[in-house]
Amino acid sequence: MKSSLNIVTIILCVWLSWGRTDGAQKRESGEVSFHRIQASSLFPSPSSSCVLSPRASNTKSSLHVVHRHGPCSSLSSKKADHDEILRLDQARVKSIHSKLSKKLTARDRVSQSQSTDLPARDGITFGYGNYVVTVGIGTPKHDLSLFFDTGSDITWTQCQPCAGKCYSQKEPIFNPSSSSSYSNVSCSSPVCDSLTSQGLVKQCSASNCIYLAGYGDKSFTQGFMAKEKFTLNSDVFDSLNFGCGQNNQGLFTGIAGLLGLGRGSFSFPSQTAKTYNNIFSYCLPSSPQYTGHLTFGSAGLSNSLLKYTPVSTVKDSSSLYGLDIVGISVDDKELKIPLTVFSTPGAIIDSGTVITRLPPKAYAALRTAFKEKMSNYTAAAGLPPLDTCYDFTGVESIDVPKVSFSFKGGTVVELEPIGVLFVADRSQVCLAFIANDKDDDVAILGNVQQKTLQVVYDGPGGRVGFAPNGCN
Ligand SMILES: *[C@@H]1O[C@H](CO)[C@@H](O)[C@H](O)[C@H]1NC(C)=O
Ligand SMILES: *[C@@H]1O[C@H](CO)[C@@H](O)[C@H](O)[C@H]1NC(C)=O
């Protein structure tokens with residue numbers, strides 16, 4: 001008993017002194033592994049005015065990415081409600097997990113396709129949908145704010161006369177009869193036939209092609225499959241397929257529709273591939289006070305800084321972008337997580353999921369390491385499902401542990417401090433990661449973690465790339 005205690009003491013002493021020298025040396029050489037940030041940078045003043053991204057202002061194939069609540073948005077000045085964000089985010093993740101785990105039985109599928117009100121319920125819900133871009137539709141051009149979503153393909157907007165139902169949106173609802181470039185897609189066209197293979201429901205009304213897209217929960221859009229002119233900043237596309245929604249319902253409030261950036265053939269990058277070569281990139285801003293950008297083609301890519309990892313195909317989804325996470329480091333120290341913890345469920349990158357979801361064992365290892373590094377700060381109550389929170393009242397600077405993800409191909413991506421934390425308020429700042437319920441639920445790289453990175457989707461290269469400082 002005594003000797004085993006001694007051994008423990010020796011090990012502890014060796015470990016502690018080794019840890020101390022390591023830290024001291026790093027501090028002396030100026031090579032610190034954490035990020036020291038001013039606490040005030042996490043809490044932008046509510047009265048701050050909008051700062052536009054120079055990248056989006058100066059690139060012709062680039063759009064400003066705007067947070068839907070904040071000084072850059074014309075949609076709503078309402079402050080984001082954290083409980084609502086987390087609740088809607090949880091719903092999106094649940095819909096992704098149930099779609100990919102095929103929890104629906106064959107009987108569920110049949111009853112869904114026969115149901116008149118809510119077919120195709122196995123789509124992915126919008127979630128919180130925090131980022132919006134403005135795209136011009138029709139002739140004359142009608143500007144509309146659309147969510148952008150790498151998790152789905154079809155682009156759609158609400159259309160007059162809203163034969164079924166339209167929810168309320170900020171901008172006037174698009175009226176196809178006042179656009180000279182609008183045309184209906186016919187029911188017998190190959191485009192209409194391909195709806196089913198793209199995860200949509202095909203219907204016909206007289207000779208017109210009708211699409212129906214379900215987004216899980218009770219959200220859906222249904223209407224004419226149509227062709228229209230799209231204007232992106234100064235680039236014009238004459239005849240892109242889109243959904244002219246006559247019957248729309250769900251949590252899309254205020255926003256006119258969706259810009260689909262998935263991998264499928266109906267997505268915006270696929271349809272504009274002749275011009276942009278199926279390449280796009282974006283940067284999500286550090287706070288709602290700034291705009292980021294969504295840029296099509298290879299304009300402005302930080303070629304020398306970009307690190308790529310291959311995109312993998314996700315079983316049961318032609319839209320989602322699969323990635324292979326192979327490890328996580330905290331302050332440059334790789335966490336001990338067996339590779340199968342990541343390889344069994346696989347992972348995706350998603351612009352529409354807010355908080356990154358990790359396999360339970362990976363999350364546990366990350367939380368332990370993070371808590372250890374944050375032990376000098378006052379713990380605060382959890383903000384479910386976030387369970388590791390701190391009270392920074394009166395704290396001037398914060399040493400945020402450096403969190404890096406390693407991907408297949410040796411690519412290591414270091415997250416910005418703002419990509420590690422979810423800020424409710426000064427007295428409640430939480431580790432912005434959530435454990436999946438089950439070991440085989442897919443991991444999801446969410447949009448908090450992507451903040452300020454340049455994220456590149458290179459279709460022909462079959463890869464996704466990351467570079468730091470992507471919004472500048
Ligand atoms: C598209 O179809 C609808 C429904 O039949 C019709 O009212 C509308 O005029 C058509 N639009 C065009 C441009 O043909
Ligand atoms: C906590 O604070 C003490 C005293 O300032 C410091 O020596 C120690 O390194 C800090 N611990 C961590 C984990 O930063």
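For all residues, glycine too, the Cβ spot is worked out from N, Cα and C.
Those TrEMBL annotations? Automatic predictions, nothing curated.
If you look up TrEMBL, you'll see 1-23 marked as signal peptide. Among the features that TrEMBL reports, domain 'Peptidase A1' is placed at 131-467. Among the features that TrEMBL reports, active site is placed at ASP149, ASP350.
The two recorded residues ASP149 (active site) and ASP350 (active site) have their Cα atoms spaced 8 Å from each other. Looking only at the domain 'Peptidase A1' (131-467), the predicted model's pLDDT averages out at 94. There are 24 other Cβ atoms within 10 Å of the Cβ belonging to ASP149 (active site).
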